[in-house]
Structure formats: structure tokens, C-alpha cells
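**Student:** Got a structure for you, written out below as C-alpha cells; questions coming shortly.
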């Protein structure tokens, strides 16, 4: 495998230049430009890492999620986001083509020391010991010294106590950890239930639990003020589909919360500005080939694409969008209807991964 090519390096540099431009131009409409320290804190990374993302001369590849979050936090132009995503994906692909030698591998032209045995009788090799030769005998008493001319065969090496101690310690730790789980879980029954769940014997797979981490007990995620990216965009697109004049900037701020309260009041809901199960049920719009409001279709396409089902975001319910929707429904064991109904919307919203809150 080869390392990154010139186009790969160009993508990394172009991405850093674009992120730098977002940061430099973020001071507008009366807002000051954030310091790199404060910006790094909002992104959940250290300042040194952020500086590399913003340095075209010595760039480091920013992950796609970080790029999207920077776009939202810095209120960068919406037209820049598709290009930023493409550059981030190209840079990541270039990084994946690197083939670092495994830490345990030795150069082809250097002698390779024999690997230590994996049994309880294995002895630790000394760094200064030659790669070949008889093992050092165990310390002998004054009456039984062996000399270089001794014809006797050296006795087998003594078992290494360190290996045995390590295994015993590991076993003891495992037992203590298991007992701790039982104690904290409230008894053997709960402890076994937890272990069975981890093993996939009783309950949904771990991946399914992780995918629905942002969902409440009702199965719908809770979106509220301070949420960023997909939660905010989904609410904003759907509010626009209901006629609310609000920018879909991916930041659930004051204006979005006010629009949610207005929507809730108009539908007889508790106007608390939080989007839970009841508000989502009124906010989502059934979409099919005969009824496809543009902003609702944008929300659908955005959520499909963000869940891993490649979809062009056009605002038009095209045959391609219908096929993507059917693929998503099939993958989630939903009825394959090509219609965005209540169950499909809920599955989409719970397939977006963890939410980001500032």
C-alpha cells in the first residue's frame, strides 16, 4: 500500500485553508471572532489540535464531524459545507492509504529475536542476551557451580514466577470485577441480566443500543435549545415546512426555540420550546410521491444521508430519493413502502448517532 498522493495532500491543505477562512471571517454582525482556546473548548478538543486543523502550512486532517461542527459554530456560509465535506472525506481517504509498520514488526534485514513462549513457564528475555544460545541456568549454590568446560547438560530453566503471578492477578481481578458487578447491580439476577445483555443473549445488540442513545423512553429523541447539527437541522427544516421563517443553520438557539414554542401553542401543546414525542408527532410530515413539501423533503434527505444511506439533498422527492428511503426501511426492518410515515421518521431520528449540545 502506498502513502498519500499529491491530490491527498492538496485536499488536506485546501480543507485547512477553508476552515481557516471560516474562523477569520467569523467576526461579523457584531460578533467577535472566538479565540482558538474558546473554540477548541466548544469543539471538545485541545487547542494544539485545533491549531493544526487551521494551519494550511502544516495541516492536520480534521474529522468530518469536527468540520460540520466548525461550520455550525462559526456560522460559515451554507454553500461551503458540501465542499468542506468532500475535502474532509478525500483527506480521510488519503490518510487511510498510509501503511505504517506495526509496532511489533522488525526490519527485513535485521535479526529477529524469537518470540517469548506463551505458557506459564516462559522466561523473560534480557535485552542484552544474544539471539541464540543456551538459556542461563538458575543460580547455583557454591557446591554446584557449572563451568564452561562442564560436560553436563544445563538443567531446564525454572518457571518464571512473574508470569504465574500475572495470570493469577488477572484471574483475581476478573473475579473481583464480576463480584463488583453483582453487588452494584443489586444481586445475582441483575448481574446475570447485565452480562447476558453484553453477550447479546438477552436484548438488542450493543450497536442498536448505541444508535438509539439519543432517544427517550418514547423512542423519539429530545431536541432542545443548545443542540447542534442534526437535531437542530431536523427541527429547523420541519419548522420551515410548516411555514416558519427560520434559518436552518444547525444551531438550536433563541430563534429556533421561539419558533418551536409558537408551533406548540398553535397545536395545543405545552409551549416549552423542547421537541419531544408529542411535538415531533405534529412536526413530521408524511411524504410520498403525491405529497412532498420541499423543506420536509430536505429534512428527509438530510436525515437519510446522515444515517449512512447516500442521498442527494435537492428538496425534490425523486425516484432516487424513494429508492434511498426504501433501502433505509429495508435495513431497519420496516415495511418497504417508499413513504415517509411516522415509524420511518422515528427510525430516521434515532439513527443519527449521538447528539451534540453546547
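Including glycine, each Cβ sits where the backbone N, Cα and C put it.
TrEMBL lists these features:
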type: COMPBIAS; residues: 92-131; note: compositional bias 'Low complexity'
type: COMPBIAS; residues: 139-152; note: compositional bias 'Low complexity'
type: DOMAIN; residues: 233-283; note: domain 'Peptidoglycan binding-like'
type: DOMAIN; residues: 295-348; note: domain 'Peptidoglycan binding-like'
type: REGION; residues: 92-165; note: region 'Disordered'
type: TRANSMEM; residues: 174-194; note: transmembrane segment
type: TRANSMEM; residues: 206-223; note: transmembrane segment
**Student:** Across the domain 'Peptidoglycan binding-like' (233-283), what does the pLDDT come to on average, as a whole number?
**Tutor:** 97
**Student:** How many helix, strand and coil residues does the domain 'Peptidoglycan binding-like' (295-348) contain under DSSP?
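**Tutor:** Helix/strand/coil tally for the domain 'Peptidoglycan binding-like' (295-348): 32 helix, 1 strand, 21 coil.
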**Student:** Please spell out the DSSP helix, strand and coil residue counts for the domain 'Peptidoglycan binding-like' (233-283).
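**Tutor:** Breakdown, helix to coil: 29 helix, 2 strand, 20 coil.
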